[in-house]
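What follows is a short report on a single structure.
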Amino acid sequence: MSAQFSLPATGLATQLELSKKLPEDIDALVVPTFKGEDGLELAASGLFDENLEIAIWDLLVAVGATGKQGEVVRIPSIEGIEVDFIVGVGLGDNDSLDDDTLRRAAGDAARSLAGVQHVATTLGAFGLQPAVEGFALGAYNYTGVRSKQKKPLPLEKVTFISLGDKKAAKEEFTVGQIIAESVALCRDLVNAPSSHLYPESYAAIIRDTAEKIGLGVEILDEKKLEKQGFGGILAVGTGSSRKPRLVRLTWAPKKAKKSIALVGKGITFDTGGISLKPGAGMDDMISDMGGSATMVATIIAAARLGVKLNVTATIPLAENMPGGNAFRPGDVITHYGGITSEILNTDAEGRLVLADAIARASEDKPDYLLNVATLTGAQIVALGDRTSGVMGSDEFRDSVALTGRTVGEPAWAMPLPEEIGEDVKSPVADIRNVTGSRSGGMMAAGWYLSHFVGEGIEWAHVDIAGPAYNKAGVYGYIPKRATGVPVRTFVQVLSNLAEQ
């Protein structure tokens with residue numbers, strides 16, 4: 001019997017429901033406000049008569065509400081509205097309102113309501129799906145592994161008021177809920193400490209989660225990896241007592257016409273290996289499996305949403321540790337498929353496990369291959385903490401980057417210059433895992449991975465070294481620590497491909 005593992009803590013506890021009327025016994029009502037040319041504007045809710053709407057507006061104005069983006073103003077309730085208090089959430093200029101502005105506002109509102117039991121909101125009138133996502137993800141509260149629950153607890157329940165078509169509202173609500181839950185799963189996995197999440201336990205958690213929704217699951221242990229020649233994964237994982245794994249997930253709906261392979265880096269902890277990282281900030285390396293968590297969440301979301309696309313996810317899992325058996329600078333390894341690589345720096349390990357996984361995924365001959373990783377510090381230097389770098393086949397690369405910006409997960413297309421590709425070549429092997437230059441590190445990693453993509457496959461590589469893990473303050477619906485970026489981007493990419 002296989003060992004049983006589970007995540008030590010999760011962060012999404014808020015209940016979501018849809019209603020056509022204001023429920024009884026709610027604590028608060030959240031309403032949208034706008035910044036108009038002449039001051040505060042209050043969107044009519046359709047729940048109350050004009051006099052009550054004006055009374056709400058009067059009180060909001062009296063306390064200085066402006067309707068600007070990011071504003072959250074709490075006022076006492078008024079006679080005739082059976083709630084304890086009312087919250088006005090600023091959406092800015094009505095003419096420039098977009099989904100992510102709404103999503104951020106809902107996240108701001110949810111965070112301000114921590115500890116409240118039950119609220120209702122009319123924010124969904126301007127976009128039910130982004131309102132649902134924003135509230136759920138803004139309320140996300142990962143308290144960690146504690147002997148006693150940390151207070152205040154997150155917002156307990158949100159009722160979304162929808163006065164429109166019931167069927168359409170239900171569909172939009174469900175999509176938002178599934179996507180929010182998938183992002184939360186990604187966050188939970190990334191937030192889990194490496195003492196609890198390591199290759200064996202992680203593979204088991206993926207298996208148990210995936211099997212519940214009917215995905216196909218295959219797990220290769222270290223013996224099968226060695227037998228099949230996964231030299232990159234084995235090299236990285238050999239220094240740890242916690243041996244590597246490779247997980248394969250499959251979603252194969254009927255009548256799907258196209259296929260995509262997903263690959264995500266799963267380094268459950270990265271010390272840098274023999275090329276040891278500095279001690280300061282090394283604890284953040286629990287997040288070095290953010291790419292794998294993204295792809296697990298993405299394929300699960302695709303299955304739950306019924307996306308008509310054949311999807312496989314190939315997830316390499318390893319822990320990069322120094323030790324008597326660890327791989328060394330100067331080693332030459334043979335990847336799955338036969339390409340050899342000179343190791344110049346053991347802290348450039350992510351591309352080694354990805355290379356094996358990409359080569360294996362390419363054997364399935366998918367139409368598209370999408371891989372993601374917290375891969376290079378160079379991504380943060382070039383694009384900052386919130387914008388992902390996207391490389392690969394021109395058309396698919398640009399499509400992925402545009403989709404990210406469209407859904408509110410900033411991404412930017414990056415080139416793969418020929419001269420950097422030349423620098424990836426090795427004098428003693430086919431390629432080397434770093435170049436001799438500090439320049440263009442993000443693109444050098446992209447070039448390295450390109451050698452393993454099968455011929456004729458449209459490919460995109462997304463570097464999320466900064467965006468996957470928020471070390472600064474909370475903003476909108478983004479908490480500290482794991483962000484869940486870019487799950488929403490990838491779910492939309494898959495949906496777009498299925499509809500083509």
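For all residues, glycine too, the Cβ spot is worked out from N, Cα and C.
Take the Mn(2+) 1 site that Swiss-Prot assigns to ASP347, GLU349: the candidate from ASP270, ASP283, ASP423, ASP430 listed for it is ASP270. Cross-referencing ASP288, ASP331, ASP367, ASP385 against the Mn(2+) 2 binding annotation in Swiss-Prot, which names LYS265, ASP270, GLU349, picks out ASP288.
Annotation for ASP288 (Mn(2+) 2 binding site): same-chain Cβ neighbours under 8 Å, separated by at least 6 residues, are LYS265, ILE267, THR268, PHE269, ASP270, GLY350, THR374. Cα to Cα, ARG351 (active site) and LYS277 (active site) are separated by 17 Å. Looking only at the binding-site residues ASP270, ASP347, GLU349, the densest Cβ neighbourhood within 10 Å occurs at GLU349. Straight-line distance linking the Cα atoms of GLU349 (Mn(2+) 2 binding site) and LYS277 (active site), rounded to a whole number, equals 12 Å.
Most Cβ neighbours within 10 Å, among the recorded positions LYS265, LYS277, ARG351: LYS265 holds that distinction in the structure as shown. Neighbours of the Mn(2+) 1 site: apart from ASP270, ASP347, GLU349, residues of the same chain with C-beta atoms within 8 angstroms of the site's C-beta centroid are VAL236, ILE267, THR271, GLY272, GLY273, SER275, LYS277, ASP288, ASN320, THR346, ALA348, GLY350.
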